[in-house]
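If you check Swiss-Prot, you get these features:
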type	residues	note
DOMAIN	290-514	domain 'ABC transmembrane type-1'
TOPO_DOM	1-22	topological domain 'Cytoplasmic'
TOPO_DOM	46-49	topological domain 'Periplasmic'
TOPO_DOM	70-81	topological domain 'Cytoplasmic'
TOPO_DOM	105-288	topological domain 'Periplasmic'
TOPO_DOM	312-322	topological domain 'Cytoplasmic'
TOPO_DOM	346-378	topological domain 'Periplasmic'
TOPO_DOM	402-434	topological domain 'Cytoplasmic'
TOPO_DOM	458-492	topological domain 'Periplasmic'
TOPO_DOM	516-523	topological domain 'Cytoplasmic'
TRANSMEM	23-45	transmembrane segment
TRANSMEM	50-69	transmembrane segment
TRANSMEM	82-104	transmembrane segment
TRANSMEM	289-311	transmembrane segment
TRANSMEM	323-345	transmembrane segment
TRANSMEM	379-401	transmembrane segment
TRANSMEM	435-457	transmembrane segment
TRANSMEM	493-515	transmembrane segment
Amino acid sequence: MQSVQGTDAMTAPAASLPGSKKVFIKWALLGTVGLINGYATILMYSRGEVAFAMLTVILTALALYVFGSKKTYAHRYIYPGIAGMILFILFPLAYTVGLAFTNYSAKNQLSLDRAQSVLLDRTFQSGESYPFTLYKTDSGHRIVIKDGDVLLSTPEFVLGSAISDLDLSPVDTVSGTAEPIKTIVSNRTALSSIDLHFANGDDIRMSGLRKFAGVVPLYTMQADGETLKNNQTGELLKPNMDVGFYQAMDEAGNFVGNTVSPGFVVQIGTDNFERVWKDDGIKEPFISIFIWTVVFSILTVLLTLMIGLVLASVVQWEELKGRAIYRVLLILPYAVPAFISILIFKGLFNQSFGEINMVLNALFGISPSWFSDPIMAKSMVLIVNTWLGFPYMMILCMGLLKAIPEDLYEASAIDGANFVQNFTRVTLPLMIKPLTPLLIASFAFNFNNFVMIQLLTQGGPNMIGTSEPAGYTDLLVSYTYRIAFEGGGGQDFGLASAIATLIFLLVGALALLNLRFTKLSQN
């Protein structure tokens, strides 16, 4: 009995060892993940990316809790999906909505502190300039400037070291080899950080690739910590929190004159949304593009459904020979990547050399302006998008037609129903319910079909007299892209975010209406 107990006691630690290893490995991995993400969070926060730092903290803390606690064991399987939804849907959505209430643009990207430091680093030439030559010596380099007929040289120094101050002294001759301009260009940063001192106390700094000059700061920070004094003109500048720029002030304390770049990001409330409705140069194209977006989405869904349903009915016809070949040929447009098909059609519709215009000109003597006429451009977009979308609808309809019992058609034939009555009273009612969610999804996809517009027409032909770039074939999503990245007056991310927020609300409202309508029709 004692020997049995002794054996159990000896085998107990060995049995528990694998479990201990698993626990150790688990916490080692979790600790490593926590340390890496913690370090990344510190880096992001130190660089001013507070939103991304907070996102990293939330996802990391959630991961450590889910994978470290036994209570949340079941949630480990859904955490990747939840994390992906937060990372790729909720965070971009919240970030975009947040930008919509700021003046964030190509001109206003920095924080106030960063804009101040950029302005304080600016200098202007306040005195005489002196040509210089960089000489390479046996133990380093020396800078030689020419003051009239006098040569002044610095002591030898190591280029690229931490030296920032050098004294000038007269020399009769210069030893060493003059460096070429490419050496000065490659070491411009190091040379620009060196101050040269004359014997009388004057200082000069590098002001060009061949000159040193007396350089002083253009702006000086005042005692209040935010006012800048222009040392060249004497005017005072303060940050204008309404526009996000430093601007001069008059004696009464009012902002006057032009703003000084770079700008900084400020909260401007609903100004971007008000611009959409109050600025006719934005409102009119926005309304026009919104109407076209809805029409484009609806017509695309209807045309692809009609063509797909007709072709599905044809290839399902048992008396048709070679049905398998026809199915393969009709599905091919769906198998070819969309961007390749779009670029091919762009060449086919070329107004001067495209095959489509060549055929139309040979048969009817016409050459439509597919890319310069708004109506023809919209027609071309619908034609190409229908070509890309009908195979998908055909595949869906083929499956749904197979699911309809043949007994229903036999019963309708006994009642004397013709083909049209079979379609409207048997086929369509049985197909429309399972098709409705897919049609809604197709509508939502085409509502934001950016790739189609960008590759085929790039939104053109352009509208005339608009404040922001807009085209007749632009969808709301491509219109937003052009405002954000192709604006003639600079990239306006705040306005683009406001329009993107409106698009989100519009698509959400349309989706709710469609779902309500679907539920009512089913009831």
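Keep in mind that glycine also has a Cβ here, set from the backbone N, Cα and C atoms.
Secondary structure counts, DSSP: the topological domain 'Cytoplasmic' (70-81) has 6 helix, 0 strand, 6 coil. Contact counts against the transmembrane segment (82-104), taken as Cβ pairs under 8 Å, peak for 493-515 among the stretches 323-345, 379-401, 435-457, 493-515. Taken through DSSP, the topological domain 'Cytoplasmic' (402-434) splits into 27 helix, 0 strand, 6 coil.
Averaged across the topological domain 'Periplasmic' (458-492), pLDDT for the predicted model comes to 89.
Residues 93, 96-106, 268, 272-273, 275-276, 282, 286, 290, 440, 443-444, 447-448, 468, 476-477, 479-481, 483-484 of the same chain, all 6+ positions outside the transmembrane segment (493-515), place their C-beta atoms under 8 angstroms from a C-beta of that stretch. Taking DSSP states H, G and I as helix and E and B as strand, the topological domain 'Cytoplasmic' (312-322) has 4 helix, 0 strand, 7 coil. Only residues 6 or more beyond the boundaries of the topological domain 'Cytoplasmic' (70-81), in the same chain, are considered here, and those with a CB under 8 A from a CB of the stretch are 62-63. Proximity of distant same-chain residues to the topological domain 'Cytoplasmic' (312-322), defined by a Cβ-Cβ separation under 8 Å and at least 6 residues beyond the stretch ends, is recorded for 330, 393-395, 397-398, 401-402.
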